[in-house]
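Below: the structure, in structure tokens.
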Amino acid sequence: MQRATYGRSPPLHHPVPQHVSTVPQLRSPPPPTSQPIAGYDGSPYPQQQPQPPLPGANMFGQYGNFINDPAAQLASQFGQTAFRQGQEYIEQNVNRFVNVSALKHYFVVTNSYVINKLFLVLFPWRHKPWTRRQAAGPSGQEAWYLPPRDDINSPDMYIPVMSLVTYIFLQALISGLKGQFQPELFGYIATTALVAVVVEILGLKLGCYLLSVSNESQLLDLVAYSGYKFVGVIVTISIAEIVNGGKGTGGWIGWTVFIYTFLANSLFLMRSLKYVLLPENNSDSRGPMQTMHPLDSRTKRNQRTQFLFFYAYIVQLFFMWILCRS
């Protein structure tokens, strides 16, 4: 039996609204805030109210009483005692070789003294007088040399030490600009400079011993004077490197500057070391400054003059040449 066929029904169309209405969005009101109960913050444990600080109490609490602790005071006293004993031990052992109180005398300098001294080392040609100034001692019977701060002719160790350090860094800087810097270079330059100073001082001491020259402060004076040559060496290296474009101290300009600084340093040493090797014969011999008896023979004085000339010119020429070429 066949089902009867009917005609197709038309498609269904959904109605389209003609007026679009906006539905407002509804939000739930915020939950009511409940007032917390005094002394209760939701924790089941009882809370302690902070106590206001008492007047005069330490703001750091229990740690603020560390200084007042007996154990801390005992440790502080023990540290001070140990430091004091160590300082005394060092001074006692160092004083065996070097008189610390006398060494401090050579570092009493001012800015004006340093500037004038550097000018004197480089331009000693017209400087007068060269004699060192003296001051009467506490008893009035002894005379002592004034410190460098009060006397331009007094030797110091500030300029020699700073010149030595500057020389080491200057040579290292020049090597670095040439691309030849190595960390070992500092040790090599410092060793060369110190060996030159030590050998020079040993030769001076040997000459003073053979010529019977004695002075309480002679060693420290010789150490100070042996370091002034670094001023001329620094000037020579600096000018030569700038003029020659980093090609060293060669050339006629470098040699001209070297000869000038060498002659200036030699004349400075000749005039300054005269009071050590050729002291004036004063009838009033006071304290540690009398280094030569008035009755010394003319022969010995001539020997001292020749030794002074040999040291100021021949020895200085040799060591300054090594330092400038190293």
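Every residue, even glycine, has its Cβ placed from backbone N, Cα and C.
Residues annotated as region 'Disordered' in TrEMBL: 1-56.
The annotation transmembrane segment is assigned in TrEMBL to 157-174 (among others).
What TrEMBL records for 186-210 (among others) is transmembrane segment. Beyond the ends of the transmembrane segment (186-210), by six or more residues, the same chain brings 164, 167-168, 171-172, 218-219, 222-223, 226-227, 230, 276-277, 307, 311, 315, 319, 322-323, 326 to within a C-beta distance below 8 angstroms of the stretch.
Residues or ranges marked as transmembrane segment in TrEMBL: 222-240 (among others).
Under the heading transmembrane segment, TrEMBL lists 252-270 (among others).
Long-range neighbours of the transmembrane segment (307-323) within the same chain, counting only residues 6 or more positions beyond its ends whose Cβ lies under 8 Å from a Cβ of the stretch, are 167, 192-193, 196, 200, 203-204, 207, 211, 229-230, 232-233, 236, 258, 261-262, 265-267, 269-270, 273-274, 277-278. Annotated transmembrane segment per TrEMBL: 307-323 (among others), in sequence order.
Tertiary neighbourhood of the transmembrane segment (157-174): same-chain residues 103, 106-107, 109, 114, 117-118, 121, 148, 181, 185-186, 189-190, 193, 197, 220, 223-224, 226-228, 230-231, 233-234, 237-238, 241, 246, 323, 326, selected by CB-CB distance under 8 Å and a gap of 6+ residues from either end.
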